[in-house]
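What TrEMBL records for 123-127, 186, 230, 281-285, 310-315 is ATP binding site. Per TrEMBL, domain 'Phosphagen kinase N-terminal' is recorded for 8-92. If you look up TrEMBL, you'll see 120-357 marked as domain 'Phosphagen kinase C-terminal'.
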């Protein structure tokens, strides 16, 4: 095994000493114990990635929640003493002897429409990260490799047909004004993420980057943003079945043309350890004017169901007009359809034996899978005083269980009025 040179080793040791003095709560610091550090500090991948390359984003951003990235696919095995416990904790229990299940897209039409009970879901999006075999991840890509990778992906995109067909545009040929417009429409990725920049993922920007859109702008593919590819299916409203069907067809077609980086144990391999396994993130933009007033309560509630809360502009952003991005957190250890069910189970009421809305409210109290639906999607419904009383009752458990704030009686009564 090749080892780092003495100068680099000294630098890594100095950075580690600085890390131990911080009060950071990121997973990287938690699991980079002295023992793990001493085991891994000498190592270097065939592509040239060191332990410092793995942890440098977290070193620069101690407020990170994860704090590490894989500069290449080999990093997941060469630095497994650090990656394995981080992966285990983030993905809710995926140990070093566990294996990701085989691909299973399930039946898209069974997912239905999330807005069956009202127009609370503003938009629905499903995306996955994919990286190509034969190339390192962003921090180690050369300018020539960016160009080759971009061309390989563009050639595959050109083969999409019917409603998936569209056009590819290199980022360096899109004006800044049009980029802003695409950003405002949530079609384009943004530049300047400090976590990615510190990880070395933004070199040679904007070269090698680009965006593909189909004619309806319901299928989008990002090229070399954080990962080699982000395949995105999206549309207004809550029709999860339609969005997922389009997603499955696009991923399958592109997978037949491109060799995706894959591990029998970890599934699809990508830059961030949060994007392993199916690497699927299903999300909804949803209005939460009541529960959304306290993001700490919202996040604590969502965490109980393996859901993640973000602002409308992506990770590390704030909500606008109480519209939040709610998505599945776990991607590893679940099949594709199981990952979709994580968001589905928290946004659908099985009302076969529940003929009236008020009965549905009571039904939710006894059904844990559907409890979050009321909190996330019905808290903004104009209700009569009786229904408002029921809704306030349903809101008490997350407040009492997850909030460190003792609410005054009059504040609770105000919600009922």
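Every residue gets a Cβ built from N, Cα and C, even glycine.
Feature annotations (TrEMBL) mapped to structure.
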residue : record           : DSSP (3 states)
123     : ATP binding site : strand
230     : ATP binding site : strand
283     : ATP binding site : strand
310     : ATP binding site : strand
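Residue 283 (ATP binding site) has a Cβ environment of 21 other Cβ atoms inside 10 Å. Once Cβ contacts within 10 Å are tallied over all protein chains shown, the binding-site residues 230, 310 are led by 230. Taking DSSP states H, G and I as helix and E and B as strand, the domain 'Phosphagen kinase N-terminal' (8-92) has 51 helix, 3 strand, 31 coil. A mean pLDDT of 90 is what the model gives for the domain 'Phosphagen kinase C-terminal' (120-357). Using a 10 Å radius centred on the Cβ of residue 123 (ATP binding site) and all shown protein chains, the other Cβ atoms total 18. All protein chains shown were included, and the count of other CB atoms within 10 Å of the CB of residue 126 (ATP binding site) stands at 28.
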